[in-house]
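K.L.:
Mind looking over this structure? Questions follow.
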Amino acid sequence: MTTASTHTAVLHTNHGDITISLFGNHAPKTVANFVELAKGEREFTDPATGEPTKRPFYDGLNFHRIIADFMIQGGCPLGTGTGGPGYTFDDEIHPELQFDRKYLLAMANAGKQMGRGTNGSQFFITTAETPWLNGKHTIFGEVADEASQKVVDEINNVRTAAMDKPVEPVVLESVEISA
């Protein structure tokens, strides 16, 4: 099995575009969840209304947690790190994918609860090697090019306040998916 890209995601941010290769061969359920949420094809619970809805989930959300020389995190509809799509799913830990380099895309979670995974919509991109995360978070992609890495680095260096929240919003304006 190879870590060949099955999809490409372009995260359009207010700091520039981040192109990511998605690893659907290694984490098929995770990639499907991300792609379907991004395209508005997966139903989720709107946190404002409590109603089921379908629309591009990530459009307009902020990167709510940024820790220099560690990671940038987004995908929370509440902007607090506590929100999600109204459902969770299990990890897809693959032994070929390790946190042995920068610029990996992985699912943020709250650990296992009652033996089940807590993945939903939140994700992070590493900005350092993070081996202590091995076996704890599903890696499902990697930043694809140097220009995108520079955007990630720029975001990683923004000024933050309490709870690692950026002082100026870092906005994920939209996500474009291609196969």
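Cβ atoms are placed via backbone N, Cα and C, with glycine included.
Note: TrEMBL annotation is automatic and uncurated.
Grabbed the feature section from TrEMBL, which reads as follows:
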- 64-75, 80-81, 106-111, 120-124, Thr130, Lys136: cyclosporin A binding site (BINDING)
- 5-177: domain 'PPIase cyclophilin-type' (DOMAIN)
K.L.:
Taking the Cβ of Phe124 (cyclosporin A binding site) as centre, how many other Cβ atoms lie within 10 Å?
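P.N.:
A count of 23.
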K.L.:
When a 10 Å sphere is centred on the Cβ of His64 (cyclosporin A binding site), how many other Cβ atoms does it contain?
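P.N.:
Its Cβ shell of radius 10 Å holds 23 other Cβ atoms.
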K.L.:
Using a 10 Å radius around each Cβ and counting other Cβ atoms from all shown chains, which of the binding-site residues Ala68, Ala108 yields the largest count?
P.N.:
Ala108
K.L.:
Which chain-mates of Thr80 (cyclosporin A binding site) that are at least 6 residues away have a CB under 8 A from its CB, listed by sequence?
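P.N.:
Expected: His64.
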K.L.:
Using other CB atoms within 10 angstroms as the count, which residue among the binding-site residues Ile72, Gly120 scores least?
P.N.:
Gly120
K.L.:
Can you tell me whether DSSP puts Ile72 (cyclosporin A binding site) in helix, strand or coil?
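P.N.:
Looking at the DSSP assignment, Ile72 (cyclosporin A binding site) belongs to a strand.
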